[in-house]
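Student: Shown below is the structure under consideration.
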Amino acid sequence: MSEKQTIKALPAHNPTQVKKLGPVSGFLSGGLAACGAVTLTNPFEVIKTRFQLQGQLTKLDPSKRIYKSVGQAFSLIARHEGIRGLQRGLGTAYVYQICLNGCRLGFYEPIRRTLNTWFLDDPKGNKLAINVASGAGSGLCGALFGSPFFLVKTRMQSYSPKFPVGQQYGYKHIFNAFSRIIKENGVKGLFVGADAAILRTVSGSSVQLPIYNWAKRMIEHYNLLEEGMIKHLTASAVSGFGVCCTMQIFDTVMTRMYNQKNKELYKNPIDCILKTIRSEGFFALYKGFGAHLARIAPHTIFCLTFVEQTNKLFLKFQKD
């Protein structure tokens, strides 16, 4: 055997190769980062939910709206319901974030590496189509796991003893919610609106990490910022805006389908879109966009910034 052939037969050694998190570590790291982010952004989720349900299927006079702007809604809820009102559904939001973002952030890289290996014979490949498919696939997993929790969270956040909008449920806690839903509709009741949740989550997941990675590459290519927190924050902000624009319509549809009782208003997501446009106009699908952006942009910034740190922590434990 020649020297050249001998060299080819030897396994390649790259001392600078970056170690990757496994699925379990990635799931835990992504979920922990998401929980930290949702603690800071949950009040805007409450506001967004109430905006999306306000004036449902009616031509509501703007002067009669309870919630008029993000700032006014924040002040109104804080004044009459306190911090408890602003943080409604927070415990359920934690469980949901572990399921959704744990899958979305934790399984994105393993799925992407697998698809790259299948189609490009290179686990480190960087094709936009594969990145989008990986985001959509990880988001789909998260949506299926997390739909029952988002259902309960939405119903908790829409509840207000002072200024109610939409259907009011008054769940005491997540176990009370599950018990009542199963008693009334069976286990299938926990997955009401899951089709809308999948559309929403897949649309957001398919662009979140690809836009984040693209923004980081552009920053590096043009040498705009040095490696560090500011670079991650900037890339996260760009990603958050892209996610908000992509998923807003599906987010409104999902909120309304989760809030309704026994499909009294909408049969499916398409039916919801058509009825909303006919009754309220096209831009009703963008109700709560300001609150959504106020939530999703900081949430994406905090989540993707935190995950950089939690990944380092878990890689350290994995190495040890």
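Here the Cβ of each residue, glycine as well, is placed from N, Cα and C on the backbone.
From Swiss-Prot, here are the annotated features:
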type     : residues : note
REPEAT   : 21-114   : repeat 'Solcar 1'
TRANSMEM : 26-47    : transmembrane segment
TRANSMEM : 91-111   : transmembrane segment
REPEAT   : 126-218  : repeat 'Solcar 2'
TRANSMEM : 129-145  : transmembrane segment
TRANSMEM : 197-217  : transmembrane segment
REPEAT   : 227-313  : repeat 'Solcar 3'
TRANSMEM : 233-253  : transmembrane segment
TRANSMEM : 285-306  : transmembrane segment
Student: Cβ under 8 Å, sequence separation of at least 6 from the ends of the transmembrane segment (129-145): give me the contacting residues as numbers and ranges.
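Tutor: Residues 99-109, 111-112, 115-116, 119-120, 194, 197-198, 200-202, 204-210, 213 contact the transmembrane segment (129-145) from elsewhere in the chain.
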Student: Using Cβ atoms and a strict cutoff of less than 8 Å, what residues sit near the transmembrane segment (91-111) while being 6 or more residues removed from its termini?
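Tutor: Non-local partners: 20-23, 25-31, 33-35, 37-38, 42, 45, 133-135, 137-139, 141-143, 145-146, 149-150, 152-153, 156, 173-174, 177, 201, 205, 208-209, 303, 307.
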Student: Report, as numbers and ranges, every residue of the chain located at least six residues beyond the transmembrane segment (233-253) whose Cβ falls under 8 Å of a Cβ in that stretch; write 'none' if there are none.
Tutor: 48, 52, 196, 199-201, 203-204, 206-209, 211-213, 215-216, 219, 225, 269, 272-273, 276, 284-289, 292-293, 296-305
Student: Are there residues at least six beyond either end of the transmembrane segment (26-47) with Cβ under 8 Å to its Cβ atoms? List them, or say none.
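Tutor: Contacts of the transmembrane segment (26-47) (Cβ under 8 Å, skipping residues fewer than 6 from its ends): 67, 70, 73-74, 77, 85-90, 93-94, 97-107, 109-110, 157, 288, 291-292, 294-296, 298-300, 302-304, 306-307, 309-311, 313-314.
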Student: Please count the residues of the repeat 'Solcar 1' (21-114) that DSSP assigns to helix (H, G, I), strand (E, B) and coil.
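Tutor: Breakdown, helix to coil: 75 helix, 0 strand, 19 coil.
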Student: Determine how many residues of the repeat 'Solcar 2' (126-218) DSSP places in helix, in strand and in coil.
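Tutor: Helix, strand and coil residues of the repeat 'Solcar 2' (126-218) number 73 helix, 0 strand, 20 coil.
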